[in-house]
Amino acid sequence: MILFGSTGSIGVNALKLAALKNIPISALACGDNIALLNEQIARFKPKFVSIKDSKNKHLVKHDRVFIGQEGLEQILTECQDKLLLNAIVGFAGLKSTLKAKELGKNIALANKESLVVAGSFLKGAKFLPVDSEHAALKFLLEGKKNIAKLYITASGGAFYRYKIKDLNQVSVKDALKHPNWNMGAKITIDSATMANKLFEIIEAYHLYDFKEIDALIEPRSLVHAMCEFKNGASTAYFSKADMKLAISDAIFEKQDTPILEAVDFSKMPALKFHPISTKKYPIFKLKNTFLKEPNLGVIINAANEVGVYNFLENKSGFLDIAKCIFKALDHFGVPKISSIEEVFEYDFKTREYLRS
């Protein structure tokens, strides 16, 4: 397996699972966490390693260290492994997804942004979903027909129990306290704004070619997806909130190993489902428009990344993230995109506009 994003939450869990099944790791790539990368190199002995910045190359305990986006593409070309787990955060993961598709590799995709910004250019790719909701949908949809609607669930994020008027005052520390999941900073903020759920709906659309998709808040994160059929029946996928289950579905050839303790239905608390309030989560207003106009993805994602990192760096408030997205959409409208190069151009233009 080739693992990009090895020092993040998904990468660390994937390596625990790889060790469980003795899956060889041929390549590791990370951003700046060189100390953890060196531990992983010592444990898994990859043939190839890549890091984001050449200034850290001398710190890496490996004799084949590649650098940046070019380094990732070189690894994909040279390494013969057929499986890439792409757990790079954000738009930065797109080039690796495109290259892996070009090379015919199986792509265990944690980098949902690839589909959010360039789903129409990734048709035919061999995707294995890593998000818990999409792994759940894959299970629910297998061999099924006459589907009326799909649902994925959201926890509501760190501020689910907050009043709208209190969101003006929240800190980065507050926003990073996810009630159910242990994840990286970027996705934890995206969960708090509901941008993550918006992106997951678009991801599901591209993965399963189905537009009747919605999301509901299920605060305990025990139900991950539901499938409603035309005859009125519905099915649901239950599991505890742990990413290792979805990762194992993507990287294991056989699902014959206990990964999590099963949900004990006799002890399970009462479950409640709630619609997502667009007053509290204004980003979610974009769901229907986004499904009609998937080209909006590159604008929404770039603006979201600018807004989130401004917030994480204490340059702006939590509510400014949504304002950043709507400002960019007002400026650019629906982009006409006919080539992958234009996706990169609009990403650049959006970031430049918001920083000017």
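Each residue, glycine too, has its Cβ placed from N, Cα and C.
Per Swiss-Prot, 1-deoxy-D-xylulose 5-phosphate is bound by Ser132, Glu133, Ser155, His178, Ser191, Asn196, Lys197, Glu200; the candidate from Lys112, Lys144, Lys211 named for the same site is Lys112.
Matching Gly157, Gly184, Gly232 to the NADPH binding residues that Swiss-Prot gives (Thr7, Gly8, Ser9, Ile10, Gly31, Asn33, Asn111, Glu113) identifies Gly184. Recorded residues Asn196 (1-deoxy-D-xylulose 5-phosphate binding site) and Asp131 (Mn(2+) binding site) have their alpha carbons 11 Å apart, per Cα-Cα distance. Glu200 (1-deoxy-D-xylulose 5-phosphate binding site) carries a helical DSSP state (H, G or I). A separation of roughly 10 Å, to the nearest angstrom, links the Cα atoms of His178 (1-deoxy-D-xylulose 5-phosphate binding site) and Gly184 (NADPH binding site). The Mn(2+) site is set by Asp131, Glu133, Glu200; from the centre of their CB atoms, other residues of the chain with a CB within 8 Å are Lys112, Pro129, Ser132, His134, Leu137, Ile152, Asn196, Lys197, Glu203, Ala204, His224, Ala225.
Looking at Gly184 (NADPH binding site) and Glu133 (1-deoxy-D-xylulose 5-phosphate binding site), their Cα atoms lie 17 Å from each other.
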